[in-house]
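*Asks:* Let me give you the structure first, and then I'll get to my questions.
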Amino acid sequence: GGTACVVTGQPFDTAKVKMQTFPNMYKGLVDCFVKTYKQVGFRGFYKGTTPALVANIAENSVLFMCYGFCQQIVRRIVGVDRKTKLSDLQNAAAGSFASAFATLVLCPTELVKCRLQAMHEMQLSGRIIQGHNTVWSVVKGVIQKDGPLGFYRGLSSTLLREVPGYFFFFGGYELSRTFFASGRSKDELGPIPLLLSGGFGGSCLWIAVYPVDCVKSRIQVLSMAGKQAGFMGTFVTVVRTEGVLALYSGLTPTMIRAFVANGALFLAYEYSRKLMMKQIDSY
């Protein structure tokens, strides 16, 4: 699921990070794509793909594993049997709880990804003299400058994004599946309803938490050039100096990516899960 999400959505994610961190450099999505292609070539759209793959595979593995555990916790809280189907709202709450655990594996890999994606802009703006163009060079730079805890820059922002965001993510996904099922079992849904449901869930997540993600990207990227203020300090600085709309820079590529990538994520997740369950049942 995580692999499908990255392969389909990485170019849009790269544009998102560039536009969030350096909103004055780009007039919009098309301008960002054209300039990136002219300056770095097609490979520029896939900068940070390796840590993005690691991030998404790790995050979604932990997320969906914990989602199952958190569903059982929700069942205990509401006092129902462990096999009882949860409501869409209860599933949303379970997803929100699960995201807190996924954040711990997501934050370090996302920091490396964001820095690679915006390295060219950091050099152009004069914030850094020489950029690190490989995953290992970025990792080595973080360890040398800040130590192992440097990988957790932006952790509070990531938590502020993930916990409420995944409530809307799983809530939107489950509500959409309920709509398409129309009284039937959700497990009987075909690929198109699953794609649309995943896309709807992803769109709900990003609409709800986009400004938080914008602050997170700035903290993780700009901290390369020196100590960066925390979440509230960065948030206030952006609003004062650039206006509220700066918090929504890069929203267009994010919404396109959200629908396409999360549709692919849930489609791959549901079908791989069914395949694995069949293998287990055959034993």
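Each residue, glycine too, has its Cβ placed from N, Cα and C.
Because TrEMBL annotations are produced automatically, they should be read as predictions rather than curated entries.
This is the feature table in TrEMBL:
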| type | residues | note |
| --- | --- | --- |
| REPEAT | 1-73 | repeat 'Solcar' |
| REPEAT | 86-179 | repeat 'Solcar' |
| REPEAT | 189-275 | repeat 'Solcar' |
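Give me the lay of the land around each of these features.
*Replies:* For the repeat 'Solcar' (1-73), DSSP puts the residue distribution at 65 helix, 0 strand, 8 coil.
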*Asks:* Over the span of the repeat 'Solcar' (1-73), how high is the average pLDDT in this prediction?
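*Replies:* A mean pLDDT of 87 is what the model gives the repeat 'Solcar' (1-73).
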